[in-house]
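First the structure, in the form of structure tokens, and then the observations on it.
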Amino acid sequence: MKYGIVLFPSKCIQDFANSYRKRYDSHYALIPPHITLKYPFEANEGQLKEMTKELHRIAAETPPIPIKVTKFSSFYPTSNIIYLKVEQNDVLKHLHEQLHSGLFAGKPEFAFVPHITIGRDLPGAEYADVYSQVKLQHVHFEETIDRFHLLYQLENGSWTVYDTFVVGGKETV
């Protein structure tokens with residue numbers, strides 16, 4: 001089964017992202033707006049128990065995660081993905097590193113660029129038009145996230161939460 005690890009921003013940021021995603025993101029119906037910490041990976045039931053134990057340990061050692069969303073950006077020319085840029089910080093960077101070492105060892109497929117995708121799979125002309133409009137908009141959100149999530153992929157391609165890990169040693173509410 002496929003799993004992934006993400007942060008979900010507040011409803012305010014999700015609503016803002018979804019106002020674009022519903023028009024420009026082919027994955028709009030498959031997963032809410034999120035910040036990917038670990039891209040999809042395969043695991044079996046036995047590995048899953050060990051992983052959740054390790055994720056609880058990582059969460060207990062991780063402070064609340066400050067998030068600052070500052071602008072629209074793009075991965076062009078690598079891909080036509082348009083996203084909300086999330087500023088890198090020490091907490092995010094350390095959490096990402098922990099999710100790619102030890103039990104989760106493995107070189108990440110991509111360099112860690114924290115972001116919330118708002119557009120993907122756009123044809124060249126549409127991508128250029130949309131990006132030229134959004135890149136001029138002022139964007140500023142700041143918040144602190146107190147949990148990350150282990151997701152799994154359903155047969156229809158959508159993602160759902162398998163477990164939630166509250167950071168800072170708090171219990172899941």
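Each Cβ is built from the backbone N, Cα and C atoms, and glycine gets one as well.
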- Task: Name the residue range among 7-10, 91-94, 115-118, 135-138 that Swiss-Prot annotates as motif 'HXTX 2'.
- Result: 115-118
- Among 34-37, 122-125, 130-133, find the range that Swiss-Prot records as motif 'HXTX 1'. 34-37
- How long is the line from the C-alpha of HIS115 (active site, proton acceptor) to the C-alpha of HIS34 (active site, proton donor), rounded to the nearest angstrom? 8
- Which ones in the same chain are close to HIS34 (active site, proton donor), with CB under 8 Å and 6+ residues apart in sequence? VAL6, LEU7, PHE8, PRO9, ILE116
